[in-house]
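Per TrEMBL, the features are as follows:
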- Glu95, Asp117, Leu119: Mg(2+) 1 binding site (BINDING)
- Asp117, Asp120, Glu284: Mg(2+) 2 binding site (BINDING)
- Asp120, Gly121, Ser122, Ser123, Asn212: substrate binding site (BINDING)
- 8-198: domain 'Fructose-1-6-bisphosphatase class I N-terminal' (DOMAIN)
- 202-335: domain 'Fructose-1-6-bisphosphatase class 1 C-terminal' (DOMAIN)
Amino acid sequence: MSLAQHFTLTQFLIEERRRHPDATGDFNSLILNIAVACKRISRTVACGALGDMHGSAGGALNVQGEQQQNLDVLSNDVFLQVNEWGGNLAGMASEELEEPYQIPEVYPRGRYLLTFDPLDGSSNIDVNVSVGSIFSILRAPEGTDVVCEEDFLQPGTSQVAAGYAIYGPSTMLVLTIGEGVHGFTLDPMLGEFVLTHPDLRVPEETREFAINASNSRFWEVPVKRYVDECLAGAAGPRGKDFNMRWIASMVAEAHRILMRGGVFMYPRDTKDPGKPGRLRLLYEANPIAFIIEQAGGRASTGRQALLSVEPTGLHQRIGVVFGSKQEVERIERYHTEPFAGELENPLFNERGLFRLPA
Ligand code: AHG
Ligand code: MN
Ligand code: MN
């Protein structure tokens, strides 16, 4: 494709709107506002140690009890400020805010709800590894004036759109509005996101997996089985060698999987019984799951489709498995097989009486 044929995000959205003559334009202006927020965050992240936003936020903890970085706080403020005035939102919810954010009285209210993780992977900022922003757009329930937590507790299947920006060697915005997944690269000279990756598809097969192996002693048996089989390589039941990656920025892992396939797991484990998983459902798991499934991949808790989970809390955590369809389906199958709890039994291991099926 020559550069002249490259569409900007604005042009892409105008084309989309032409295909939906009833659309008011509210949705497009919301996406464009989010894109502005991402551009501003990208600029600050790119300044690195030259800017004055490096380091932790004076020891502050966020609502999850996690160490906040200055850039977490700044990115949250940027998302709120850029999106509150547009007149298309009824309210927002963020990883960094305990309660839903009310649109100030001075601005008109709209029909949509925005949830976001303003900066994902922020523990990587000081080591100059890719980070990102994740967002999800829902419809506000009819007649919403003051938003409350319940308004946001909608399953992932209700998402109108979802996306992420990745601040890496180049900045990209990856977006789904429910009709495939499209990737836009920020042209720093033009200041515009340009459509460079139309119709992204996750390859169905893979030989690459991502998991934080330091948690292996807390994994449930089906996850342990899956990873053990990958590690066994060509000599094991899978009959092929696997590669492993762990970036500790889910956005960056999701992006790699969109580009070349793979499977990502941050599964439910026994590390902290109070936390059924590490990642948050509404602004991390659901938007990424929507994107991955729109690109032909699969996203799951291990036990059910992620997008079908009925949320119970704004900051609820959940086990997450996503990526190449065949691998995710295999992991789901391992969660249902009756001998899943018997793996520690020598009768069921590789040399045992009941060899595990490939
Ligand atoms: P956040 O920076 O928004 O708190 O999210 C970080 C998440 C996710 O991006 C990543 O996959 C995971 O935490 C990394 O966890 P570990 O530090 O346990 O590897
Ligand atoms: Mn995150
Ligand atoms: Mn975050």
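Backbone N, Cα and C atoms are what each Cβ position is placed from, and that goes for glycine too.
Here the features listed in TrEMBL are placed on the structure.
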residue	record	Cβ within 10 Å
Glu95	Mg(2+) 1 binding site	26
Asp117	Mg(2+) 1 binding site	29
Leu119	Mg(2+) 1 binding site	31
Asp120	Mg(2+) 2 binding site	29
Gly121	substrate binding site	21
Ser122	substrate binding site	25
Ser123	substrate binding site	15
Asn212	substrate binding site	13
Glu284	Mg(2+) 2 binding site	27
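Across the structure, Leu119 (Mg(2+) 1 binding site) and Asn212 (substrate binding site) place their CA atoms 20 angstrom apart. When DSSP labels each residue, the domain 'Fructose-1-6-bisphosphatase class 1 C-terminal' (202-335) comes out as 60 helix, 23 strand, 51 coil, counted as helix, strand and coil in that order.
Among the binding-site residues Asp120, Ser123, Asn212, Glu284, the ones whose Cβ sits under 6 Å from an atom of ligand 2 are, in sequence order, Asp120, Glu284.
Only Asp120, Asn212 of the binding-site residues listed as Asp120, Asn212, Glu284 bring a Cβ under 6 Å of any atom of ligand 1; the order follows the sequence. Mean pLDDT for the domain 'Fructose-1-6-bisphosphatase class 1 C-terminal' (202-335) in this predicted model: 97. DSSP gives Ser123 (substrate binding site) a helix state. When secondary structure is read from DSSP and collapsed to three states, Asp117 (Mg(2+) 1 binding site) falls in the strand class. Checking the binding-site residues Leu119, Asp120, Asn212 for a CB within less than 6 Å of any atom of ligand 3 leaves Leu119, Asp120, listed in sequence order.
Ser122 (substrate binding site) and Glu284 (Mg(2+) 2 binding site) have their C-alpha atoms 13 Å apart, to the nearest angstrom. Per Cα geometry, Glu284 is the residue among the binding-site residues Ser123, Asn212, Glu284 nearest to Asp117 (Mg(2+) 1 binding site).
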